[in-house]
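Taking it in order: structure first as structure tokens, then the write-up.
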There are 4 protein chains.
Amino acid sequence: MFAEIKGLNEECGLFAIWGHNEAAQLAYYGLHSLQHRGQEGAGIVTSDKEQLYAHKGVGLLTEAFGPGDIEGLKGNHAIGHVRYATAGGGGIENVQPLHFRSEDGGMAIAHNGNLVNYQILKGDLERKGSIFQTTTDTEVLAHLLKRQSSTKLRKQLHAALPQLIGAYAFAVMTETELIVAQDPHGLRPLSLGRLGDAYVVASETCAFDIIGATYEREVAPGEMIIFDESGMHSSRFSEAEDRALCSMEYVYFARPDSNLDEINVHTARKQLGKQLAVEAPIEADVVTGVPDSSISAAIGYAEKTGIPYELGLIKNRYVGRTFIQPSQELREQGVKMKLSAVRGVVEGKRVVMVDDSIVRGTTSKRIVRLLKEAGATEVHVRISAPPIIRPCFYGIDTSSRGELVAANLSIEEMREMMGADSLSFLSVEGLKSGIGRDESQPNCGQCLACFTDQYPTAIFNTKKELVTVGMD
Amino acid sequence: MFAEIKGLNEECGLFAIWGHNEAAQLAYYGLHSLQHRGQEGAGIVTSDKEQLYAHKGVGLLTEAFGPGDIEGLKGNHAIGHVRYATAGGGGIENVQPLHFRSEDGGMAIAHNGNLVNYQILKGDLERKGSIFQTTTDTEVLAHLLKRQSSTKLRKQLHAALPQLIGAYAFAVMTETELIVAQDPHGLRPLSLGRLGDAYVVASETCAFDIIGATYEREVAPGEMIIFDESGMHSSRFSEAEDRALCSMEYVYFARPDSNLDEINVHTARKQLGKQLAVEAPIEADVVTGVPDSSISAAIGYAEKTGIPYELGLIKNRYVGRTFIQPSQELREQGVKMKLSAVRGVVEGKRVVMVDDSIVRGTTSKRIVRLLKEAGATEVHVRISAPPIIRPCFYGIDTSSRGELVAANLSIEEMREMMGADSLSFLSVEGLKSGIGRDESQPNCGQCLACFTDQYPTAIFNTKKELVTVGMD
Amino acid sequence: MFAEIKGLNEECGLFAIWGHNEAAQLAYYGLHSLQHRGQEGAGIVTSDKEQLYAHKGVGLLTEAFGPGDIEGLKGNHAIGHVRYATAGGGGIENVQPLHFRSEDGGMAIAHNGNLVNYQILKGDLERKGSIFQTTTDTEVLAHLLKRQSSTKLRKQLHAALPQLIGAYAFAVMTETELIVAQDPHGLRPLSLGRLGDAYVVASETCAFDIIGATYEREVAPGEMIIFDESGMHSSRFSEAEDRALCSMEYVYFARPDSNLDEINVHTARKQLGKQLAVEAPIEADVVTGVPDSSISAAIGYAEKTGIPYELGLIKNRYVGRTFIQPSQELREQGVKMKLSAVRGVVEGKRVVMVDDSIVRGTTSKRIVRLLKEAGATEVHVRISAPPIIRPCFYGIDTSSRGELVAANLSIEEMREMMGADSLSFLSVEGLKSGIGRDESQPNCGQCLACFTDQYPTAIFNTKKELVTVGMD
Amino acid sequence: MFAEIKGLNEECGLFAIWGHNEAAQLAYYGLHSLQHRGQEGAGIVTSDKEQLYAHKGVGLLTEAFGPGDIEGLKGNHAIGHVRYATAGGGGIENVQPLHFRSEDGGMAIAHNGNLVNYQILKGDLERKGSIFQTTTDTEVLAHLLKRQSSTKLRKQLHAALPQLIGAYAFAVMTETELIVAQDPHGLRPLSLGRLGDAYVVASETCAFDIIGATYEREVAPGEMIIFDESGMHSSRFSEAEDRALCSMEYVYFARPDSNLDEINVHTARKQLGKQLAVEAPIEADVVTGVPDSSISAAIGYAEKTGIPYELGLIKNRYVGRTFIQPSQELREQGVKMKLSAVRGVVEGKRVVMVDDSIVRGTTSKRIVRLLKEAGATEVHVRISAPPIIRPCFYGIDTSSRGELVAANLSIEEMREMMGADSLSFLSVEGLKSGIGRDESQPNCGQCLACFTDQYPTAIFNTKKELVTVGMD
């Protein structure tokens, strides 16, 4: 849904619960609240201590799970996953949690993030005789675990995780234990909560709210939390680096009702809008936001400037997989998809259009045109984040550098390309102060690589060699 | 969707197009933008001058129409309908347009509204030998038309429509003509537009915007517009009464991007919120609206009072037919459906919760509790319309009078019942001034019957006798 | 299924049950055994004395009814129908039982057969103000009933049925009574049975066997049987003409395990094969039948001639709606559909291919070629019925006269056209003696119109005028 | 379908085609004709030399493949599979062809048969670090191949196949070659054919007939046939043992129009019936067969004894997955499923009921009762194979030994249990002579282990140890 508008896609959401007699059902609702993180596949694996039970399907959660599917998922422990699939990788075999069966028992793995050295590790493993049945980077971890000398899962993870470079939040479950782990930079969000006596772990806290769980704390960078019969145990598989939580989670991905590191997402976005008003004010009649993710920033911008906030753009709901697409001819004749401008609001007005990011610029261009066709006399584009000049290697499906408009055009060129009357971006400093993480404290850093080219881990250079590019 | 939250339901949306070579496809997109007016059935009938073609199905438009269904709908003329079905009436046979075949040719009818004297007319017709295959009031019109001496559709309508009492916007199509008609009070909205050489008619102007059509004017009370080979002809089948456009369309039903009688719905709602701020101010920390329909009013309230507007409530999307409902036990344990409160926004705050109407009061009660459980210290409920004290007989599925909480409790009793710290409604005068129809002008009245007990037409008394209750 | 092979199609099967607490479920199984009589729609209507409940759907019974649909059909009384739809008439609105609702109560009608004067009656009714929502001839009866002065269903039927000309077995149900009726010639089969205290009526006795009911007797020509609270009552709405039971039911349509007028269908077919052996013997190595309906006749032919019966042709099951059809190119390259010849059986052999009828001759031609391509040295076609030279007006979808090959070619020309080494048909006398109805007894006549041009009722001439063509 | 009646299930059918520009479509039709060998999953993998394309789904072929699925399967080479899944193993991940991806390219494997030493091999592989994602024995081969030092598929197979014990027909495909292999005893059928310039391989020759291909020869025991750019190459990976083709393929599994080792299945079955008539004649009025697989034997029995063959039992078609099952109560009241006795044929008659095998005996018992309830005065059961006294380890899902009725009861006890008037089985010698393989010739042996306890390979003893039990 979001994906189609933005060309900027999160890869996946995680949910895990340990010790509740309705584990599968709660996983279903938890995943439901994480649906915005991935709409192309969903799965749940449960354990009743004796055996693992799995159900997975392509599409939305409501498409992947039919009546009766939940009942088959027995036991008090569950992990679940919603998947965003990059082009070509949408087969059912890639839907997570991945589920492996051996003579000694089963194992299920769910993963949010992206491993930078995935292809190197996969090549090594194949040369040693491993065969891969999925095209996910996640399967690499399963093979690494299997090849450890220990048969204890926690020891296998201690040995395997340090071999991985990149972003990862993992949930791994066997019949008798559940382990979640966060990469040493804590690039992807992962929170711990309680629901009565049960433990819950989720990519976003909105999954706690929907099931009535309470928030406890973040899973720390380099931390591994083990849940087993004797309760919960924390362990460290790596020296923690300074936290580098993805700042695009605040700007665009996370649900406004989630808190990330205890900062509410809506509130952060509204602050970004206010900061943007300070940095790039303009004289205008109405402020409008591009739904859904830019609404909060637009409200902040309006509040700070005193220009009235209005619903100048409407998103057409229900434009799903089964929607019959208009012919090219009709599209050219003006049949609208996804977004409509509200003529009654923008006609004859100078409009500030607040958006949260520009990737290829084509969507922004289309929206400016929509507003002008609906009678806006001026359209001032205000972006509540800095220009995206570098691709992400940590699980966000941004386009390659060649497609990133801000990597190739000046701001004035972009303004002209999209036909706006003015265009401004938030500064990197403005982004940091708007989000409001106290970077003087430990574990409060954030990843800004797509804005700054400062990657927190080694990455690949253009020759596909792994290079070390430290964060300063 | 909306229906499930409110217990206040619109019955149906209409779309018609005359003279476009992609008539069926345009009807599909037009209906798509009217989906909020009915989600339980959808249909399109087209004409290629020789024959009518029909496709109908239950559920959302995207469920009722699959790939290929549009192609079968040949011809340049189309009428379409989305249906909201009251309990028990959800069969496929009731999905509109109704489609009749006779040796002389076919006829299709789509209807938005409700006929007050439907059962009386039906009884008469049955005694004369008519048999009914649907349980819709719409079928009555078909029988009345058939029983006229003339074989010309426009003459049949001239004779039949004056027999109907109630609210109706009709689109009737044969192989060779399309006629739309509006009841003498103009209770339901119906607008006329142009798309190149083609004519379009729709329940709301958002259907024009989505297909790139331009607005022309409203279909007038008591007017019948005929489209045939020689173009468009206006005719009057009834002396127009003063217009009595349903005010709940502004308050709740219509899409914010639609204009009703040239007043934008979002703008009207925002004005209602401002007016409410004048009538019922309060000291508080945040203003939040109940999504989706109350957002505009909440923004208006915030703007006027200067209290910041925040996303304090989030609607869970995708809660459709195929969603697996939580068990009663889980529901009691706090599994949220449809709406969640945003803890990060409301915790420790005094919250103004703006909603647009209260029907049974149970939803409001639940939302107040949600907000308090999420940490709101005070919840002040502000309703951007007057109390609903009477049922609607014109096509809105409000509850019966016994279920209308405002018909049975005082405002203080309601406040206590829902656990709010304060509760205020907009006054009837405030509603009128907020919407801003200039009632001194002709055709600018509005129906306020559900707030005032002043019905614009005769209605039935409790003994099911038709009584005349004039509007003053 | 059968339909696709033959181009000769039955229109519909009926089932009714009165007074069983699992009425809907039994109707489902009864209809299941009648599935061969119609695969394009299925429906059941039940009554619990207070109300009628209906469920209908397109396609096979298993497609039209999903889990849960049966439970909604409350009450102890049910009528059901499986429908074969002629081209263009396959909409859901035509699926039976038709279901009408009036202020006085509901009515459901199921029909097997075809009314010869349907269009005349429909024209009359429309001129009097009736409107039709289906394109079935069945709806005419509903209108005729409604226009009677009496409000009692049995009186309405007494008055209305004599206006109908043609073939009909009807089941009509209101909340409180069920009436079945058979046309004065008894053209279509209709049997009465018992299941404990309950009554059952079905188009074929195989529906009794599947539910464990016992056969009682045939519904007589011109008879109406009324089931109500006080039990079963027989009544006569017409002087019975001599019975004219469709002989194609024996030859082709009915299931081999059904009895028609107490003659087993398989046994009759085997007798036809024996009679054919007497009339048209041939020297050959193997006898094979065209599956499924000609198997019995082939066995009879083999038994009489002493030539071994073999499976020389195999029907490909599962070739349903969802089967992906081969491209024209592949078809020409020899990809087989529906039927395959068994090389291991026919190679190098002189083959007698027994079939039960020839309509357009194209299928026979294709089968002869299949057998020859599989190595048969000679193919002798033997048809266990006389040549079809006239269309049926009583509910069998034979082609028009122009398409009937036997109406246009001599037997030698047909043989040549289909590439057979010899071709023989059974004589009309042979057909009669093979079936073995004792025509000297009352009610034991049969309709042979498609073989003899002697129609038992008035029919239309080519100018669409009704003409009387008596049976001699 | 068959599976539900018998409790005796084949595991899978294979199809492969090399060098045809409609490879996927032909695989679809080929698999369609093999549908009787497995109804729980179907899949096709194709290669266009650059890449493999896969589509798989659960259920029947027509359920697993929708419109459009075939188009996505590009290229001129294909392998396909239909799967019968034992209880608990029905997940999509087990549907074949299994499809593996590595950095070096892809590989797909389809398998018919069962590996006796599967668990031993799997345990070894897991100890060396392999992880398994399916519960099929087929996956073992993939891991064995991957662990060979060579990277050439044919060399990997040469090294890996000799490690397998049991029954297997394999088709393995990479982007550039297709290899089929048959186990050293040739336990499962596998035939080679031509279609123009293309090569085809299938489990049964009926798959050749349906696509118009011509039969060439059997794939020999211990033979591997390689298809690549340079054509077809035969190679031997093992000294061939004497052929031990499964005799139950003749008796029960294969389609009657298939030839196995050039012996037609229908003809063999008819011979078994004739032989049975010689060994176990009886005085009776009618012979009937249990549909579908026993029809040929019944015809043979009738032909030899001179007792007329009749359709005494009818199979209810369409009893598929979506069929609503009758309640226990209705079942007890006599609602029939799957099979009905034809009263008109058996009433008052002495019936010979020919069946091809008895597994648990419960189905036979039910059929005897059906016939007696339909009025048969005597029921003589004749089985056209010897008693099954041992389970199969080679891919047939017979019950365990404890459930095999003939392993636990004498023939007289069985007769009494099933309520028959007499019961006879064919002798082992009769079976051999009926099928008619010339055992004096090389490669003409057959596996009779389930009748004789003489297994052609090592098997497991009850302690799950592998033991060598030679064939004498």
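Glycine is no exception: its Cβ is also placed from the backbone N, Cα and C atoms.
In TrEMBL, annotation is done automatically, which means it is predicted and not curated.
For reference, TrEMBL has these:
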- B:12-230: domain 'Glutamine amidotransferase type-2' (DOMAIN)
- B:C12: active site, nucleophile (ACT_SITE)
- B:C246, B:C392, B:C447, B:C450: [4Fe-4S] cluster binding site (BINDING)
- B:S293, B:D355, B:D356: Mg(2+) binding site (BINDING)
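Of all the binding-site residues given, namely B:D355, B:D356, the one with the smallest number of surrounding CB atoms inside 10 A is B:D355. Taking all protein chains in view, 27 other C-beta atoms sit within 10 angstroms of the C-beta of the residue listed as 'active site, nucleophile'. Close to the recorded [4Fe-4S] cluster site, the chain also has B:L187, B:S247, B:M248, B:Y394, B:I396, B:L448, B:A449: residues not among B:C246, B:C392, B:C447, B:C450 whose Cβ is within 8 Å of the site's Cβ mean position. The secondary structure of B:C450 ([4Fe-4S] cluster binding site), as reduced to three states from DSSP, is helical.
A strand conformation is recorded for B:D355 (Mg(2+) binding site) in the three-state DSSP classification. Take the Cα of B:S293 (Mg(2+) binding site) and measure to each of the binding-site residues B:C246, B:C392, B:C447, B:C450: the nearest one is B:C246. In sequence order, B:H185, B:L187, B:A244, B:L245, B:C246, B:S247, B:Y394, B:Y455, B:P456 are the residues near B:C447 ([4Fe-4S] cluster binding site), counting only same-chain partners six or more apart with C-beta under 8 A. Closest to B:D356 (Mg(2+) binding site) by Cα-Cα distance, out of the recorded positions B:C12, B:C392, B:C450, is B:C450.
Here the C-alpha separation of B:C392 ([4Fe-4S] cluster binding site) and B:D355 (Mg(2+) binding site) works out to 20 Å.
Cβ atoms within 8 Å of the centroid of the Cβ atoms of B:S293, B:D355, B:D356 (the Mg(2+) site) belong to the same-chain residues B:V251, B:Y252, B:G289, B:V290, B:S294, B:A297, B:V354, B:S357, B:I383, B:S384, B:A385, site residues excluded. Of all Cβ atoms in the shown protein chains, 25 besides its own fall within 10 Å of the Cβ of B:S293 (Mg(2+) binding site). Taking all protein chains in view, 29 other C-beta atoms sit within 10 angstroms of the C-beta of B:C450 ([4Fe-4S] cluster binding site).
Local packing around the Cβ, expressed as the count of other Cβ atoms within 10 angstroms, is greatest for B:C246 among the binding-site residues B:C246, B:C392. Between the CA atoms of B:D355 (Mg(2+) binding site) and B:C450 ([4Fe-4S] cluster binding site) there is a gap of 17 Å. Note on the domain 'Glutamine amidotransferase type-2' (B:12-230): its mean pLDDT in the predicted model is 92. If you take the Cα of the residue listed as 'active site, nucleophile' and the Cα of B:C450 ([4Fe-4S] cluster binding site), they are about 19 angstrom apart, rounded to a whole number.
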